[in-house]
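Peer 1: Structure incoming, see below.
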């Protein structure tokens with residue numbers, strides 16, 4: 001078998017284990033120990049999802065990264081940028097989405113940013129608005145395109161997510177289907 005095949009198998013196993021960790025984060029109640037809206041809280045989520053899978057689990061990256069033609073925040077200024085993002089207000093839906101978009105631009109980890117940040121976003125929305133995103137209703141292509149355009153204009157991602165808010169914040173099915181959808185956005189599909 002070619003080496004590429006083995007890489008695909010390894011990545012799929014990492015995603016599968018990380019997904020199980022995400023389920024456990026909620027089922028165990030450990031989600032209630034996460035610091036909401038902070039960089040530390042995002043690091044806690046990332047560590048929980050990827051501990052034992054990546055040596056950098058929960059650690060702020062120290063190298064530059066990009067996806068496609070987009071370069072995320074420069075590693076030299078990342079901690080300063082994260083400090084500014086942390087201070088952003090969380091009093092309205094618009095402000096929360098603005099903070100979410102800025103955290104996505106920062107992309108503090110080498111891998112696993114989207115999965116971690118979507119959980120982080122839901123915690124902020126739940127705390128301040130009593131709502132979460134019903135991710136299972138958010139189309140993958142529309143979401144990824146809106147996020148790609150969000151550094152220029154966050155209106156599209158705001159409308160997309162606002163149309164899929166629910167106040168059923170403790171519904172187990174919404175939570176777990178949302179986690180699965182989050183992994184699907186990143187290319188993982190359960191067998």
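Cβ coordinates are placed from backbone N, Cα and C, and glycine is handled just like the others.
In case it's useful when we look at the structure, here is the feature table from Swiss-Prot:
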BINDING   67, 68, 112, 113, 114, 118, 145  ATP binding site
DOMAIN    37-162  domain 'Fido'
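Explain the structural surroundings of these features, please.
Peer 2: Non-local neighbourhood of residue 67 (ATP binding site): empty, since no residue in the same chain at least six residues away has a C-beta under 8 Å from its C-beta.
Secondary structure of the domain 'Fido' (37-162) per DSSP, as helix, strand and coil residue counts: 76 helix, 6 strand, 44 coil.
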Peer 1: Using a 10 Å cut-off, grab the number of neighbouring Cβ atoms around the Cβ of residue 114 (ATP binding site), all chains included.
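Peer 2: Looking across every protein chain shown, the total is 18.
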Peer 1: Where's the emptiest Cβ shell within 10 Å among the binding-site residues 68, 112?
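Peer 2: Among the binding-site residues 68, 112, the sparsest Cβ neighbourhood within 10 Å belongs to 68.
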